[in-house]
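Here Swiss-Prot flags ARG21, GLU85, LYS124, LYS465 as (6S)-5-formyl-5,6,7,8-tetrahydrofolate binding site, drawing on sequence analysis. The GTP binding site annotation in Swiss-Prot covers 230-235, 249-255, 274-277, 337-340. Among the features that Swiss-Prot reports, K(+) binding site is placed at ASN230, SER249, ILE251, THR254. Taken from Swiss-Prot, the feature Mg(2+) binding site applies to SER234, THR255. Marked as domain 'TrmE-type G' by Swiss-Prot: 220-387.
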Amino acid sequence: MNQDTICAIATAQGGAIGSIRVSGPEAISITSRIFQPAKAGKLLSEQKPYTLTFGRIYNGEEVIDEVLVSLFRAPHSYTGEDSTEITCHGSSYILQQVMQLLIKNGCRMAQPGEYTQRAFLNGKMDLSQAEAVADLIASSSAATHRLAMSQMRGGFSKELTDLRSKLLNFTSMIELELDFSEEDVEFADRSALRKLADEIEQVISRLVHSFNVGNAIKNGVPVAIIGETNAGKSTLLNVLLNEDKAIVSDIHGTTRDVIEDTINIGGITFRFIDTAGIRETNDTIESLGIERTFQKLDQAEIVLWMVDSSDASSQIKQLSEKIIPRCEEKQLIVVFNKADLIEEMQKEELSALLKNFPKEYTKSIFISAKERRQTDELQKMLINAAHLPTVTQNDIIVTNVRHYEALSKALDAIHRVQDGLDSHISGDFLSQDIRECIFFISDIAGEVTNDMVLQNIFQHFCIGK
């Protein structure tokens with residue numbers, strides 16, 4: 001149990017209203033020392049929980065501000081401790097004055113994520129729910145918001161609890177059998193155990209495979225913009241982002257390194273990657289940039305191959321052997337840029353250049369990035385190419401790398417159990433693998449997580465959370 005009382009500003013600078021959170025055993029008494037209710041009578045410490053009290057913050061006899069104080073009593077608060085929230089005017093001077101008074105009277109400044117860490121340590125939420133708080137704060141689309149809300153409300157935690165219950169049931173049957181091994185008593189039918197192992201494997205496997213979707217939703221669908229130099233890659237990136245992110249020049253090889261940025265299109269976050277133009281060069285730095293281009297191409301889920309319409313035949317012939325083999329299981333959109341410089345009849349001829357491309361994942365479009373023609377249509381194609389499901393708050397989709405790694409290890413363990421059952425190995429070995437699986441599942445919820453891991457998780461939160 002935490003014996004000290006913490007405080008922190010919970011709102012961003014520049015707003016009309018500011019909020020300071022105070023939590024810990026002395027939260028109410030420390031707040032009472034600097035706060036005087038406007039209505040004479042009840043002191044703050046005598047107020048009922050979940051009440052708002054209007055009054056003034058004093059530094060000695062000087063009034064600092066007129067404020068509202070919210071009161072929460074343990075264990076019915078966010079942290080599970082006695083807590084107050086002081087809502088004042090948003091002046092940075094006022095907020096700092098109130099903070100200094102709280103610290104002078106016994107509070108200490110909260111560490112990043114300490115409020116949520118205390119909520120976890122006090123049993124108000126498990127670790128996966130605590131991590132979802134950070135995801136909710138960082139959410140930038142409807143899908144990321146829904147996934148974070150689902151996890152924070154305990155949807156993922158319930159899935160883990162059910163999974164852990166099945167695993168404990170499994171291992172208890174195995175270990176009970178081991179206790180009576182000398183009496184040759186079989187408590188669990190091996191076919192029934194195999195059926196249970198299959199059920200567990202299906203659940204874990206579904207969660208592991210959901211990470212590809214979850215990671216794309218959370219961090220953005222990776223879209224690599226590739227092509228020869230001066231095909232218009234940087235111009236397209238600037239148009240999509242609606243800002244001059246990349247340098248645009250007629251000089252070949254201007255973009256020498258990878259430029260990344262994200263944008264929300266139709267409720268989906270896309271992570272665009274503008275790459276160095278592909279060409280033969282003796283420039284060492286440019287060569288490194290081209291090498292990174294192919295690395296980013298391999299990592300992308302959608303590839304925008306920018307082709308200069310006035311030189312399309314040559315570019316497609318030169319680069320198709322390098323690009324097409326790398327685009328298997330990706331979505332490839334061939335973007336014929338500078339289409340305003342060619343005749344309508346030429347477009348049919350250029351489209352025919354793609355006749356040997358794999359039709360199942362290849363699309364094409366004619367645009368003019370400079371004139372912003374057909375760029376809206378390109379955005380629609382990106383949405384269709386993303387193939388992301390419509391997400392609801394009831395969906396259980398893994399978005400956290402730590403969870404994915406733990407689930408992957410749990411999946412390996414349950415696979416060993418399945419193989420062991422098929423091979424009729426001893427229950428001792430089966431029990432060991434099952435317990436390993438339980439360990440990794442429990443690690444996600446924070447039931448077996450060490451202090452170093454906790455510190456690493458919560459230090460990425462903002463101070464007031």
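Placement of Cβ uses the backbone N, Cα and C atoms for every residue, glycine included.
Taking ARG21, GLU85, LYS124 as the binding-site residues under consideration, the smallest Cα distance to ASN230 (GTP binding site) is found for ARG21. Averaged across the domain 'TrmE-type G' (220-387), pLDDT for the predicted model comes to 79.
Note: the Cα of ARG21 ((6S)-5-formyl-5,6,7,8-tetrahydrofolate binding site) and the Cα of LYS233 (GTP binding site) are spaced 47 Å from each other. Cβ neighbour count for LYS233 (GTP binding site): 31 (other Cβ atoms within 10 Å of its Cβ, all protein chains included).
Each of the binding-site residues ARG21, LYS124, LYS338 was scored by the number of other CB atoms within 10 A of its CB, and the lowest score belongs to LYS124.
Closest to LYS338 (GTP binding site) in space, going by CA atoms and restricting to the binding-site residues GLU85, LYS124, SER234, is SER234. Under DSSP, GLU85 ((6S)-5-formyl-5,6,7,8-tetrahydrofolate binding site) is assigned to a strand (E or B) in the three-state scheme. The two recorded residues, LYS233 (GTP binding site) and LYS124 ((6S)-5-formyl-5,6,7,8-tetrahydrofolate binding site), show a Cα separation of 49 Å. It is 48 Å from the Cα atom of LYS124 ((6S)-5-formyl-5,6,7,8-tetrahydrofolate binding site) to that of SER234 (Mg(2+) binding site). Rounded to a whole number, the distance between the Cα atoms of SER234 (Mg(2+) binding site) and GLU85 ((6S)-5-formyl-5,6,7,8-tetrahydrofolate binding site) is 48 Å.
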